[in-house]
Amino acid sequence: MAKQKIRVLIVDDSASVRQVLGTILAEDPEIEVIGTASDPFVAAKRLQNELPDVILLDIEMPRMDGITFLRKIMAQHPIPVVICSSLTPEGSDLMFEALEAGAVDIVPKPRVDTRQALMESSGRLREAIKSAARARVRPRAARKVIEQKLTADAIIPPPVAGRSRPTTERIVCIGVSTGGTEALYDVLEVLPPNCPGILIVQHMPQGFTAAFAKRLNAGCQINVKEAEDGDPVLPGWAYIAPGARHMLLVRSGLRYQIAIKDGPPVSRHRPSADVLFRSAAQYAGANALGIIMTGMGDDGARGLLEMRKLGAYTCAQDEESCVVFGMPKEAIACGAVEKVVSLNQIPREIMAWQQAKQPASAD
């Protein structure tokens, strides 16, 4: 029996972009473009006759913008939506607004300046469509800003790192991809300020992680920042790996620090959860908790297995609460996972582990 193709509707106001996207997707035998639309009104009429498996949607269009249309889709008949737009850091607020509204993923419009760039961006687009077709679509509620963060502490810069500042003996490392931007909100927003230091690899384009960290920081009791080379890992802080660079955990004497490195993609990603997890296995051992969350592919599975072999506690998000049960599934299959938990259990698991775990010797 032939495998059913993934049916895609393309919505973009540019005829040339619709043609390029259609050509790229048609090259994959698993994908079928069932139609195109020049704006959301045309798309809405098509949806009355046939519902696709995935909608590929631009944001900036005449008559109705993509985010407004996305909200209507989520309210009327939720369908996995991939945003395909000209990504710029200046437009990051729109990107995160789309994710909060229910978009599964965001990909840049294919680059045609070089053959290599076209191949890479085309592959990323097709991968996003396949990932979205497997996604569980869940409309999101609007996020609230934590008022207590908007005090003098938001104006006065923190003290310079020094020996008087606390260090953390326990480290949490998280690897996450598709569906992760909203899942991370759910985890971080309920963690108390005395939680362990947290290092996070979220697959995200270069230039967007600083804005993502800023948005998380506004909605959480803990502090969230884009990681920088040499950052000390402190309790009550979460560090987001910068886009297109690897993040590692290292030690400097008795202190944990962050190292940011260039290098080729690992497990097809940069930053890579495998890189973070392997460094945590090496430098933190039994003092680390490794968590793998929603996402497609197998990034993080091997690194998490190495963490477990060296004494770390390891968890995976369960299938029911994942947008895409790919990365956790691979980690479970290879024996890397000690416990499977739902998304809303992850914060409790972190704090229970911190309270129960006696740190191993730093020697």
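Just so you know, glycine gets a Cβ as well, placed from its N, Cα and C.
According to Swiss-Prot, the features are:
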- 7-124: domain 'Response regulatory' (DOMAIN)
- Asp58: 4-aspartylphosphate (MOD_RES)
- 166-357: domain 'CheB-type methylesterase' (DOMAIN)
- Ser177: active site (ACT_SITE)
- His203: active site (ACT_SITE)
- Asp299: active site (ACT_SITE)
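For His203 (active site), the spatially nearest entry among the recorded positions Asp58, Ser177, Asp299 is Ser177, judged by CA separation. This prediction places the mean pLDDT of the domain 'CheB-type methylesterase' (166-357) at 94. The number of other CB atoms found within 10 A of the CB of Asp58 (4-aspartylphosphate), across every protein chain shown, is 23. Taken residue by residue with DSSP, Asp299 (active site) is part of neither helix nor strand, so it is coil.
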